[in-house]
Amino acid sequence: LKTPTFDNWQWEDAEIMVLLQVMYTDLDFISTFNIELDVMQQFLYEVYRRYNNIPFHNFKHCFCVTQMMYGLIWLTDLRSKMDSIDLLIMLTSAVCHDLDHTGYNNAYQINARTELALRYNDISPLENHHCAVAFEILEKTESNIFRNLSTEQFKRIREGIIKCILATDMTRHTEILNKFKALLPVFDFSNKDNRDVLMMIMIKVSDISNEARPMDVAEPWLDCLLQEFFNQSDMEKLEGLPVTPFMDRDKVTKPSSQTGFIRFVLFPLFIELANLFPCLEVRKFPDENLSDIQSLKSSVALTYSKV
């Protein structure tokens, strides 16, 4: 569960919800922040309920992004460099980062003048909505995993989650990456501004990490993404809106959709993160074998039977 080789396709949604709970427990969030298990489970259920049944930006994607974040926290030994609240912000941001995604990106929202675009004045309409839905869930006492924290702690967590989720808007990619690159030579973990930028980079890396996974995990995700892209371009043609070029089923192929993305978006981001954490540069992970998976599945089944 801590490695980038983890295969999400072998797990049912109910098992995935337990694995998310395992991550919160394993990072000591349950005990440190006095999170009751029934509240944790209700929070995860509400999150699950608010992810839509669409090809890519669904609950399984939420899990993959969270699992990569969880793995990176362990691989880079962030527990010794950042405090628990920062780590809690990062993991919870990953869980909530695409809540109630419609399957149509910001360009579509703005061009179609959707309710979200109007509500958020064309400024990151989706990401603002994901944040709003997250805090709607957290407003309910029965699903507020932060309900035992102080007002100051909650304020810091809210500010951090908003900052992280808004950072996943790809129109801000270059701005955030350049800010991180400028900090690298003098990066200081004791500096809040430095940590804030790292947290934004961590969620961005986790969000686009499918292509960094083994091919048999990554390729089905690409098929899902292209399906969602093609659905959008079909709708754009139908409604007479500008057609997003990289989503046009008449122009895009699987290889062409990936080469530019990997070269100009994924590589630069991962390379800069590895500059801060050289341990990520060359890392061999053992292949998952059947006994490891069965052992984890048995553990999850046992946990699930108690829920």
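Just so it is clear, glycine is given a Cβ too, placed from its N, Cα and C backbone atoms.
In TrEMBL this protein carries:
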ACT_SITE  His57  active site, proton donor
BINDING   His57, Asn58, Phe59, Lys60, His61, Asp98, Asp207, Gln258  AMP binding site
BINDING   His61, His97, Asp98, Asp207  Zn(2+) 1 binding site
BINDING   Asp98  Zn(2+) 2 binding site
DOMAIN    1-300  domain 'PDEase'
Cβ within 8 Å of the mean position of the Cβ atoms of His61, His97, Asp98, Asp207: remaining residues of the chain near Zn(2+) 1: His57, Cys62, Val65, Ala94, His101, Thr168
Protein Cβ atoms within 10 Å of Asp207 (AMP binding site), excluding its own: 23
Cα distance (Å, whole number) from His57 (active site, proton donor) to His97 (Zn(2+) 1 binding site): 10
Cα-to-Cα gap, His57 (active site, proton donor) vs Asp98 (AMP binding site), nearest whole Å: 7
Among His57, Lys60, His61, His97 [recorded positions], residue with fewest other Cβ within 10 Å: Lys60
Span of the AMP site, taken as the largest CA to CA distance across His57, Asn58, Phe59, Lys60, His61, Asp98, Asp207, Gln258 (Å, rounded to a whole number): 23
